[in-house]
Amino acid sequence: RNRLTKQDDDEDAELDAAQIGLAETYHRLYAVCRLPAVQWIFLILLTYRLPTALSDNVKFLKAVEFGLSKQTTALLSPTLILPLGIIVPIMAAKIWHGGPLRQFMTAYKFRVTLVPLLDILMLLAVRSFHSSVDMSSRALFWAAVVASTGLQTIVNSLQFNAQMTFFAHRVDPAIGGSYMTLLNTAANLGGTWPSSFVMYLVGQLTVPPDCSIDGETGMEVCEGGKDAYFPLQLTFSLLGCLWIFFMKDRVQHVADLPDDAWRTHIGENEENDSVEEVESGGGGGGIWNFWKRKDGKTE
């Protein structure tokens, strides 16, 4: 019953927030950005996806380059990615029981260690077996593709679900919608800039092979070249391990902060002053008139 009462109070506060206006909303969001808790969550959101950017943005491009058909890539979405995206959040709620950042960190450990390993194995399998007609080779090919794609989908869903759950539990209900938009904007930016950075990095560090046509066979022969994906994947995996080493305690600290650390209390002070003025105004109907005005009614 207390939980329902708190939820009703939060909904009332959100409805009242619609009356504060655009300027006051931005004023409160600026105050939110100055909260130490919010600044730390910004730092986490803006950095944690850099070590995973290769897997998130380059892996399937490299797989297509190595011979994976676009039809196979498109087939993975409805048959594997979509079902896992639905099932994983349901299972996560039963396993972590309201500990979103514990869920977040558990998934991240797999995301920067096992996922890169499976990605490399998948790319090697695609390059070696994509055109093979041998059944055992085709089985290895599909096992590598499904394992890499499936695990990446699972950990991505776990982290996204944990992120949204944590946001929903911590936002100030007085500006809940704007607060959620602010946090989601930071999260989206944290995924956008690493994407651009790694695409540029791969392009700069990759040396294309020198290809020519063999006069005797008429086939193209390529020599030399350097593929930057594999050494970069190892480098970013190590970077992810360093991120966990330096940031895990800070993530736990953010998780342990009380709800009060995420709120500015700007409107509460003004409201308390108004209550005191009405109470000191005399007359038995003063407080009654105040609450009627607060509800949007007039005497």
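Easy rule for this one: first residue shown is 1, then count along the chain.
Every residue, even glycine, has its Cβ placed from backbone N, Cα and C.
Bear in mind that the values here come from a model prediction, so they are computed numbers and not experimental data.
Summarising the annotation, TrEMBL assigns compositional bias 'Acidic residues' to 269-279.
Under the heading region 'Disordered', TrEMBL lists 269-299.
Feature annotation from TrEMBL assigns transmembrane segment to 37-54 (among others).
The transmembrane segment annotation in TrEMBL covers 74-96 (among others). Long-range neighbours of the transmembrane segment (74-96) within the same chain, counting only residues 6 or more positions beyond its ends whose Cβ lies under 8 Å from a Cβ of the stretch, are 102-103, 106, 145-146, 149-150, 153-154, 157-158, 161-162.
If you look up TrEMBL, you'll see 108-127 (among others) marked as transmembrane segment.
Under the heading transmembrane segment, TrEMBL lists 139-158 (among others).
Annotation source TrEMBL lists transmembrane segment at 179-202 (among others).
What TrEMBL records for 228-246 (among others) is transmembrane segment.
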Please work out whether the transmembrane segment (228-246) lies in contact with the transmembrane segment (139-158), by counting C-beta pairs under 8 angstroms that are 6 or more apart in sequence and asking whether there are at least 3. no
